[in-house]
Every structure is written in C-alpha cells, then in structure tokens.
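Participant: This is the feature table in Swiss-Prot:
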- 1-225: region 'Pyrophosphorylase' (REGION)
- 100, 223: Mg(2+) binding site (BINDING)
- 226-246: region 'Linker' (REGION)
- 247-454: region 'N-acetyltransferase' (REGION)
- 359: active site, proton acceptor (ACT_SITE)
- 376, 382, 383, 401, 419, 436: acetyl-CoA binding site (BINDING)
C-alpha cells in the first residue's frame, strides 16, 4: 500500500512561523504522530507532501522510509496529492492522510483499508452534532455515496447532512491518477478538491464505501491554537485512561501530561501536575509527588519522589527517597535506598546504596560509595574552566557541611571531612581531615552605624 501524508499547509490561523504540522501534541510534532500511525500499517511507500516551511518539515521528519514531494503552490488537497503521484506504485492502493490530524488510530485506518480492498473507493466518515465547516457526505436513496460537497458549495439541504468527510480516503492508485487529472477548480475556494474524486469514481462505476472511527476525536484536525489545545487534552485524557485501566493511581486524571511512553508496575501512585517525557518506567510501588518532571528515566521499586523534582536521563534505585525540589541530571545512577533531598543537584554521578545527600548540595562527575553522608552545602568542584574532573568518595565516608571537594580528588573509605573543609588532596581512610582558617575574635571592633540622612 502507498500512504500519502499531506503536510504542505501554511496554517494561517496558528499565527506562528512554525509550519502547522510541526506544532507539538504531547511534546512531538503532529506529523510525527501521523507517521507513527502510518508505519503501523507497513506501507511499501510512504510519501509526505510538503509546501510551506518545506525545509523545516523535511529536517524534522527525515527518515530512510519517507519520501518527499513538494507542493510549491497550495492549490488544494487534490493538487497536493498530484505532486505525490510520481512516487506511487500503481499496483497498490493509496491511502491519503493529513499531517494535522494526529489522533487517528491504526485500527480505524485498517478497518477503512479492509473495507475498500484493492478495487473500491473508501472514505472515512463520521457523524457530527454540528457539521459546520466540513464537507458533507451525499448518499443516494439506496445509501450509496455519490459525492462529497464542501461547506461553501453546499445547498441548504446538503448543509443539514450530519455525516461529514474526514478527508481520509483510500482507492486504487491507477484510478486516482486518472481522476486527479480531470479535477477542476471552479468552486468557491478556487481549489482542486480531492473530494471531487468521489464523483469520478461513481461515474466510472467504482463502488464507494465508508468506514467510521471508534470515536469522533480520531478525526479532529488542527487549524488554530485553540484546536491544538483541545487535541492535546483529548490525547492526555486517553493516556490517563490507559494508565488507570492498567492499575495506576492518578490523584487527578485531568492533571497529568505524558509526552512519550510511560510504563508502570503495580501499585504506582502519581500526584497532580506531573510531566513525563520520552521513555519513563516506574517500577512497583513507586510514588511520584506533585509537579514533578521526569524524562527518559527509571524509578526503582518502592521509591518515593517528593514534589517539585526534575529527573532527566537518570536511574533511581529501589526504595530511594528523592526531593522535594531535587534535580537529577543526565548520567545519574542511584543505588538502593539513596536519599537525595531538597535543593540537591546530582549530575553524571553514581551513588551506591544507603548514601545520603539531604540538603543543599551539588554532586557532579562523581563516584560515591555506600553509606556515605554528604552534609549540607557540600560542593564537588568539578570544572576548571576547560575540563570536567571526577571526585571519588569511597564507602562509609562522612562529609561535614559546607565542604568543597576540588576535583580530581579522592576521599578514602571511612574518612571524615570536617565542616567547612576545602579538600584539594586525597583524604586518607578512617581519619579526620579538615582545612579551616584560624578563628579570631576582635575585642575592640564595633559594628558600623548608619549616619542619619541630612
């Protein structure tokens, strides 16, 4: 099967320099969602018709399995499909999709393709409570589709029809090539309508059939930021429903955003306002507090992530305690029962089991052993202005508050660093190491007093 995706429109009502099909739904361009659905049908040829912002669209979706055709002038949907004809295989039917209709399911498209087979003309239709603005499906007395009439060209009787054309069609490619060559633009829009091919099919004796989606929202197109927001909420509602049906507890299903793939074990609880990006896996018994952002990460069984944490390309071990207000940056790997507390940032560091950094610390480019206590205000000074250097902290180390570890440096097993230490050399095992300026008291000192204003 050939699949053609129309993605040439300007999207004037978006009021944006970004091509319409690149506006995101769930953090990904609408066109990327349509391509994913198209690939699920295993097409032999996949063609994207580009126009406005063609270079940006090509760059955004470039892939070995995608060919591009360019519609230099936007003269209608029929004209757009004409541009793809040289890239299509006449021996297989062609399915036409739209880059700004991101929620259509593969199951719905498979039903349409099955209904049409190899020789019939298939149209995806849906009944709308308010069909204003959509092309109407006109049927004869026997119920057969005879044509599709656009809103601006419809009579009052035709405007009363509630069954509308979604724009998604499938038909024999050889016939499509012939029908497109006969299209005219003598209509209110001055465009070449793809929908006019239905009348050509009827005239040529090609049976026209229809299929319907499981839900109306599958066929919603996006032409404005308002419609984009509506589609986003529908998609997020679908994601929330999937999680609930899988046994996840969502404290408010209307306040979760999944911008990628979220998988969960048993007895997972997610509080309000959380955002999940990329691939995220939450193991059994995980609890995620309110307003966390988690991206491309794994959270181990029984771990608790308290409110307002950011976790990016990191691994949290089983029974971990994160936050509130903690930040785990890429390359962070935490072992079992590791505690990362409020206003602690960890980057490109491996922290072994039962270690803790509970307050106000930066642990970057470090290897931290087991049962280590990192005191409040501890900083690994990893950057010399050109290169990053590593800090190694071995098992059972105790680091006092307000300590700076100037990398590269190693703290040996069982060492204790006194509060306020600036460590520039190796700290030996099982000893107290500290560096501290001599404390002075100046007896004759007086605090300055502000002079009264003149």
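Glycine residues also receive a Cβ, built from the backbone N, Cα and C atoms like all the rest.
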Participant: Just going by other Cβ atoms within 10 Å, which of the recorded positions 359, 436 has the emptiest spot?
Facilitator: 436
Participant: For a quick check of understanding: among the binding-site residues 223, 382, 401, which residue's Cβ has the most other Cβ atoms within 10 Å?
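Facilitator: Output for this query is 382.
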Participant: Taking only the residues the record lists as binding acetyl-CoA, namely 376, 382, 383, 401, 419, 436, what is the largest Cα to Cα distance between any two of them, in Å to the nearest whole number?
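Facilitator: Across 376, 382, 383, 401, 419, 436, the two farthest Cα atoms sit 23 Å apart.
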Participant: Averaged over the region 'Linker' (226-246), what pLDDT does the prediction give?
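Facilitator: Its mean pLDDT is 98.
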Participant: Taking the Cβ of residue 100 (Mg(2+) binding site) as reference, which residues of that chain separated by at least 6 in sequence fall under 8 Å from it?
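Facilitator: Result: 7, 9, 11, 20, 21, 30, 221, 222, 223.
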Participant: How would DSSP class residue 359 (active site, proton acceptor) in three states?
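Facilitator: Residue 359 (active site, proton acceptor) sits in a strand per DSSP.
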Participant: Going by DSSP, is residue 223 (Mg(2+) binding site) sitting in a helix, a strand, or coil?
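Facilitator: Its secondary structure by DSSP: coil.
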Participant: Counting Cβ neighbours within 10 Å across all chains shown, tell me which of the binding-site residues 376, 419 comes out on top.
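Facilitator: Of the binding-site residues 376, 419, the highest Cβ count within 10 Å belongs to 376.
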Participant: Using Cβ atoms only, which residues of the same chain lie under 8 Å from residue 383 (acetyl-CoA binding site) while being at least 6 residues apart in sequence?
Facilitator: 389
Participant: How big is the gap, in Å, between the Cα of residue 419 (acetyl-CoA binding site) and that of residue 359 (active site, proton acceptor), rounded to a whole number?
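Facilitator: Between the Cα atoms of residue 419 (acetyl-CoA binding site) and residue 359 (active site, proton acceptor), the distance comes to 14 Å.
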Participant: Whole-number Å only: compute the distance from the Cα of residue 436 (acetyl-CoA binding site) to the Cα of residue 359 (active site, proton acceptor).
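Facilitator: Here the two Cα atoms lie 22 Å apart.
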